[in-house]
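Peer 1: Just lifted these from TrEMBL, have a look:
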{"type": "DOMAIN", "residues": "3-349", "note": "domain 'Isopropylmalate dehydrogenase-like'"}
{"type": "BINDING", "residues": "75-88, 278-290", "note": "NAD(+) binding site"}
{"type": "BINDING", "residues": "Arg95, Arg105, Arg133, Asp221", "note": "substrate binding site"}
{"type": "SITE", "residues": "Tyr140", "note": "site 'Important for catalysis'"}
{"type": "SITE", "residues": "Lys189", "note": "site 'Important for catalysis'"}
{"type": "BINDING", "residues": "Asp221, Asp245, Asp249", "note": "Mg(2+) binding site"}
Amino acid sequence: MVKLAVLPGDGIGPEIIEQALCVLEVIKDKYDFTYTTQTGLLGGAAIDATGEPFPEETKELVLQSDAVLLGAVGGPKWDQLPGEKRPEKGLLGIRKALNLYANLRPVKCWPQLIQQSPLKNEKLAGVDLIVVRELIGGAYFGKRGQEAILGGIKAYDTIEYSTPEIARIAKVAFSLAGKRRKIVTSVDKANVLDTSRLWRKTVEEIAKDYPEINLNHLYVDNCAMQLCLNPAQFDIIVTENMFGDILSDQASVLGGSLGMLPSASIGEGPALYEPAHGSAPDIAGQDKANPLATILSVAMMLRISFNRGEAALAIEKAVSNVLDQGLRTGDIWSPGTQLVGTRAMGEAVRKELRKITNN
Ligand code: NAD
Ligand code: IPM
Ligand code: MN
């Protein structure tokens with residue numbers, strides 16, 4: 001029996017998680033995927049209940065689970081708290097506690113959503129890439145601080161990377177590329193940063209073990225531009241924590257919307273699945289959020305953690321069918337399509353999934 005830890009979090013988190021769990025219920029019935037769920041507190045919800053963004057109880061829950069399903073954390077209510085006490089610190093804490101060094105964010109162009117893209121349609125044909133983001137290093141976890149100086153305050157965050165940290169994420173990128181189009185684009189700022197120079201050198205070392213892979217390097221500023229200019233060139237983009245954060249939000253638009261971008265965060269133990277977006281406080285509690293990124297994260301969980309590729313494909317097919325029917329949440333709506341809410345979108349996916357699995 002699979003043990004799932006479920007952390008709805010804040011803002012739209014509980015709304016999208018509810019829909020994802022209902023979809024998983026259909027899988028349970030049809031694919032004999034038996035699991036139990038235990039819900040825990042993370043982020044602002046945890047701060048309100050316990051004073052801590054990542055309480056000890058949640059840490060124990062996730063460490064004992066087989067996988068974690070997470071909504072999103074954060075919101076204006078907690079924005080004035082000191083860094084160590086913010087909801088986001090809970091997310092960083094869980095990533096560190098589970099050693100989730102590899103964050104996979106697959107962006108593919110949904111043909112049904114091509115019309116509503118800000119890019120010209122011909123640029124989007126063939127877009128199918130994965131951002132492989134290093135998740136527990138870099139500026140997010142380096143030495144930081146604040147001190148008084150003459151005339152004001154100085155704050156600093158430092159970026160640190162070691163060769164083992166770079167090597168292990170590079171291996172993830174190369175082995176993924178081996179199952180795909182065999183292109184790895186390593187993104188850095190090696191013209192300026194020492195950490196990037198070490199990154200580039202280490203990635204090149206690792207590349208020697210993967211002679212079938214075509215490795216190229218881009219500076220992050222150029223990569224941001226290339227993502228708009230010629231996104232179909234990319235297969236695997238591997239990069240450090242903060243560059244990956246920024247580039248993956250940017251790349252999500254190629255797939256239709258940030259609300260469509262799932263993610264998997266992987267280490268050696270239980271993996272964590274969450275949409276790439278945040279808690280969207282501007283639309284929270286209004287039944288407006290797109291639940292598809294979270295539903296697609298469940299598909300990633302079934303495929304990666306539980307080797308249930310068939311069930312994952314069924315979910316992805318159900319999502320595609322719902323898009324074919326013209327149902328859209330606000331973030332992917334365009335004239336001529338039907339605006340629906342979070343719950344109706346989740347229900348439509350379940351209905352399709354039942355149809356698919358009965359065949
Ligand atoms: P955000 O991703 O929450 O929202 C950015 C924009 O995208 C907003 O206009 C929002 O309405 C829209 N959006 C996001 N997800 C959507 C969805 N599923 N359906 C429809 N529209 C969607 O980013 P933000 O506004 O910069 O941050 C809000 C809060 O979320 C902050 O506290 C931030 O720290 C947090 N955050 C958390 C995570 C996470 O938990 N993994 C990720 C990013 C941001
Ligand atoms: C994400 C988010 C987080 C990050 C924040 C909320 C800490 O933006 O998951 O992409 O920067 O990693
Ligand atoms: Mn982000």
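Placement of Cβ uses the backbone N, Cα and C atoms for every residue, glycine included.
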Peer 1: For Asp245 (Mg(2+) binding site), identify the closest of the binding-site residues Gly75, Asp221, Lys288, judging by Cα separation.
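Peer 2: Closest by Cα distance to Asp245 (Mg(2+) binding site) among the binding-site residues Gly75, Asp221, Lys288: Asp221.
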Peer 1: Going by DSSP, give the three-state secondary structure for Arg133 (substrate binding site).
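Peer 2: For Arg133 (substrate binding site) - judged by DSSP and reduced to three states - the answer is strand.
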Peer 1: Which one of these binding-site residues has the most other Cβ atoms within 10 Å of its own Cβ: Gly75, Gly83, Pro87?
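Peer 2: Within the set of binding-site residues, the most crowded position is Pro87.
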Peer 1: Around the recorded Mg(2+) site, report the further residues of that chain (criterion: Cβ within 8 Å of the mean position of the Cβ atoms of Asp221, Asp245, Asp249; site residues excluded), sequence-ordered.
Peer 2: Val220, Ala224, Met242, Phe243, Gly244, Ile246, Leu247, Ser248, Gln250
Peer 1: Among the recorded positions Arg95, Arg133, Tyr140, name every one whose Cβ is found under 6 angstroms from ligand 3, counting any of its atoms.
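Peer 2: Cβ < 6 Å from ligand 3: none of the recorded positions.
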Peer 1: Mind giving me a neighbour count for Arg95 (substrate binding site)? Other Cβ atoms within 10 Å of its Cβ, every protein chain shown.
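Peer 2: The Cβ of Arg95 (substrate binding site) has 21 Cβ neighbours within 10 Å.
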Peer 1: Out of Arg95, Asp221, Asp249, point to the one nearest Pro87 (NAD(+) binding site) in space (Cα versus Cα); all of them are binding-site residues in the record.
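Peer 2: The answer is Arg95.
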Peer 1: Just checking: which of the binding-site residues Gly75, Ala280, Ala284 have a C-beta under 6 Å from ligand 1?
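Peer 2: The qualifying binding-site residues are Gly75, Ala280.
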Peer 1: Suppose you look only at the domain 'Isopropylmalate dehydrogenase-like' (3-349); what would the mean pLDDT be?
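Peer 2: Within the domain 'Isopropylmalate dehydrogenase-like' (3-349), the model's average pLDDT equals 97.
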Peer 1: Return the count of C-beta atoms lying within 10 angstroms of the C-beta of Asp245 (Mg(2+) binding site), excluding that atom itself.
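Peer 2: Around Asp245 (Mg(2+) binding site), other Cβ atoms within 10 Å: 20.
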Peer 1: Pop the Cα-Cα gap between Tyr140 (site 'Important for catalysis') and Arg95 (substrate binding site) into the table, whole Å please.
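Peer 2: Here the two Cα atoms are 11 Å apart.
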Peer 1: List those of the binding-site residues Pro87, Arg105, Asp221, Asp245, Lys288 whose Cβ lies under 6 Å from any atom of ligand 2, in sequence order, or write none if there are none.
Peer 2: Asp245
Peer 1: At the Cα level, what's the spacing in Å between Asp221 (substrate binding site) and Asp79 (NAD(+) binding site), rounded?
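Peer 2: Each residue's Cα considered, Asp221 (substrate binding site) and Asp79 (NAD(+) binding site) end up 29 Å apart.
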Peer 1: Out of Gly75, Gly83, Arg133, Ala284, Lys288, point to the one nearest Asp249 (Mg(2+) binding site) in space (Cα versus Cα); all of them are binding-site residues in the record.
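Peer 2: Closest by Cα distance to Asp249 (Mg(2+) binding site) among the binding-site residues Gly75, Gly83, Arg133, Ala284, Lys288: Arg133.
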